[in-house]
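Peer 1: Please find one structure pasted underneath; my questions will follow.
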Amino acid sequence: MTTSYMNGHVTEESDSGIKNLDLASPEEYPKHREMAVDCPGDLGTRMMPVRRSAQLERIRQQQEDMRRRREEEGKKQELDLNSSMRLKKLAQIPPKTGIDNPIFDTEEGIVLESPHYAVNILDVEDLFSSLKHIQHTLVDSQSQEDISLLLQLVQNRDFQNAFKIHNAVTVHMSKASPPFPLIANVQDLVQEVQTVLKPVHQKEGQELTALLNAPHIQALLLAHDKVAEQEMQLEPITDERVYESIGHYGGETVKIVRIEKARDIPLGATVRNEMDSVIISRIVKGGAAEKSGLLHEGDEVLEINGIEIRGKDVNEVFDLLSDMHGTLTFVLIPSQQIKPPPAKETVIHVKAHFDYDPSDDPYVPCRELGLSFQKGDILHVISQEDPNWWQAYREGDEDNQPLAGLVPGKSFQQQREAMKQTIEEDKEPEKSGKLWCAKKNKKKRKKVLYNANKNDDYDNEEILTYEEMSLYHQPANRKRPIILIGPQNCGQNELRQRLMNKEKDRFASAVPHTTRNRRDHEVAGRDYHFVSRQAFEADIAAGKFIEHGEFEKNLYGTSIDSVRQVINSGKICLLSLRTQSLKTLRNSDLKPYIIFIAPPSQERLRALLAKEGKNPKPEELREIIEKTREMEQNNGHYFDTAIVNSDLDKAYQELLRLINKLDTEPQWVPSTWLR
């Protein structure tokens, strides 16, 4: 995987962290020049590698063009030479007749036909004989002297060896170039054609389908793909060629790196341009580069498989490496950056509290490497070496995702979200109050960045990014309390009551506290804990209640100790709470499992309520849907899972399945719960 990485999109980095966060307008977003090479999926443009056969074809074409130019130049020179005194003198010599020049004897010479031109191959003896004939033809002293020099040159052993080499190269260059495959997967192309032809009932389409399905055609296509795959493989570079190329970089310290890269394993590196240089910017976890440990950030790439890289644009590097696999030979100038040996990084697991789409992020260093995720996803962060851009895998994708993806670092995400909020507040117009409505006193907030190190608890006012998680398997004798959350008329109370009625030995509710007087049929400790108002208010001040309220001048509430009593009895405590109670519950030691009961569509919700004899107004239904969105937006980071209650029976079965799964499978919980 090779991409380009442009620095300075968002920050100026220093040892102290981020100096500046510049959120530009969409028109001013930096232009991405990253081109993913060898990246999983169909990313970027692909170009066939240049093989030796194709190079020879181009060389041969260049030679043909040079030959034509030489002929044109020769004609011009001939006009000038005809005016010379020497040629005038030679023209006075009577022409000889009957001279047989072996140069033009095609029967003795080897004539090779080429797609471009015919080449005559002569021996040294033929050249020597031709010069002898010319020597007898020219009678002036200057010509005789010139011919004598040529005869001596032809008899020289070095010239004869060079002449043989010339003939050998000419023969090789004259051979027709072998065809180069356009694609190596013609079988896939034929399958696409067959898919297109399925609905076609015309005679020609059916004939083509039958022809493509014929065994001989199928065998031909298979043979084509096998040969094409071998043809498209680059020829390995020899040590001699590598060492010869090193000499071109005289005083520079270079190193040679060889990496074996399989077709299905990306290289896993990013590059950037610095002037004419191509510099390795980032090593991505999971790629061949990271596994080899031979490529490092800051190395300058001089050559890849004998092809010079210095001076190339990152797009050209993309084209070059798009289909390379096998042995890759890099000639590098090692980075001058002094870095401590990399410490063994521990993998941390985090729960995402926001949605992220790299295609909509103008600041991601490489969009092809960006990892998209949704609120509630578990991410396995394997590298925080770059504090702004972590490398991570999404839960469940480790086997299908060979390369780690880039996700925003925690502090980076917090800072830019804080900056966005500040900008939005500054742009928000001041609404003028009306005469019949009191103007709301808007509290002025100090514009400071959120410091994650000072507070790990989340408020609705705080910026939610990630929460570190750990796997937890509940003990058999200490069940996690089940909390049902949802808007009114969404069925959470009905689901809770059905569980209580059907499995009384397994589920129980916490006994609430109250300040009202006990009635005759009530039993203290079974129906309510009856306490004084003074004691109740003292417990509120001490934070002992999960939630509480006042009804008809009496206080009611559910305490943490009441829930703990149910857990200690070995039963599962069932609670239906308001969202305001979730933070207190999460900060306790009860380890709650919170399930959000969401309503179905507005029409389906109307039908469900009609079965219960309710006839809600359209505005009431819209209010329920809007309340659902509000609860998800403000408290969704507390939810472990959600159930859409489109059918009460199905919702009950799904709820029971989730509760049973807590006994058989470990679940992700905040790491602070286990410390």
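Yeah, the Cβs are placed from backbone N, Cα and C, and that goes for glycine too.
Taken from Swiss-Prot, the feature ATP binding site covers Gly486, Pro487, Gln488, Asn489, Cys490, Gly491, Gln492, Asn493. Annotated compositional bias 'Basic and acidic residues' per Swiss-Prot: 54-79, in sequence order. Here Swiss-Prot flags 120-177 as domain 'L27 1', drawing on sequence analysis. Positions annotated as domain 'L27 2' by Swiss-Prot, on the basis of sequence analysis: 179-235. According to Swiss-Prot, the feature domain 'PDZ' maps to 256-336, an assignment based on sequence analysis. The feature domain 'SH3' is assigned by Swiss-Prot to 345-417. Feature annotation from Swiss-Prot assigns domain 'Guanylate kinase-like' to 479-660; the stated evidence is sequence analysis. The phosphoserine feature in Swiss-Prot is assigned to Ser14, Ser25, Ser83, Ser84. Marked as region 'Interaction with PARD6B' by Swiss-Prot: 21-140.
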Peer 1: What are the DSSP helix/strand/coil residue counts across the domain 'L27 2' (179-235)?
Peer 2: 39 helix, 0 strand, 18 coil
Peer 1: Looking at Cβ-Cβ distances, which residues of the chain lie under 8 angstroms from Gly491 (ATP binding site) while being 6 or more apart from it?
Peer 2: Ile597, Leu608, Asn645, Leu648, Ala651
Peer 1: Per DSSP, what is the residue count of the domain 'L27 1' (120-177) in each of helix, strand and coil?
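Peer 2: Counting residues by DSSP class gives 47 helix, 2 strand, 9 coil.
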Peer 1: Please report the DSSP secondary structure of Gln488 (ATP binding site), reduced to three states.
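Peer 2: For Gln488 (ATP binding site) - judged by DSSP and reduced to three states - the answer is coil.
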Peer 1: How many of the residues that make up the domain 'PDZ' (256-336) does DSSP mark as helix, as strand and as coil?
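Peer 2: The composition, in the requested order, is 13 helix, 34 strand, 34 coil.
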Peer 1: With the cut-off set at 10 Å between Cβ atoms, which of these binding-site residues ends up with the most neighbours? Options: Gln488, Asn489, Gln492, Asn493.
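Peer 2: Answer returned by the neighbour count: Gln492.
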Peer 1: Enter the number of other CB atoms within 10 angstroms of the CB of Gly486 (ATP binding site).
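Peer 2: Excluding its own Cβ, the number within 10 Å is 24.
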Peer 1: Which of the listed binding-site residues (Pro487, Cys490) has the least company, meaning the fewest other Cβ atoms within 10 Å of its Cβ?
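Peer 2: Least crowded of the binding-site residues Pro487, Cys490, by Cβ count within 10 Å, is Pro487.
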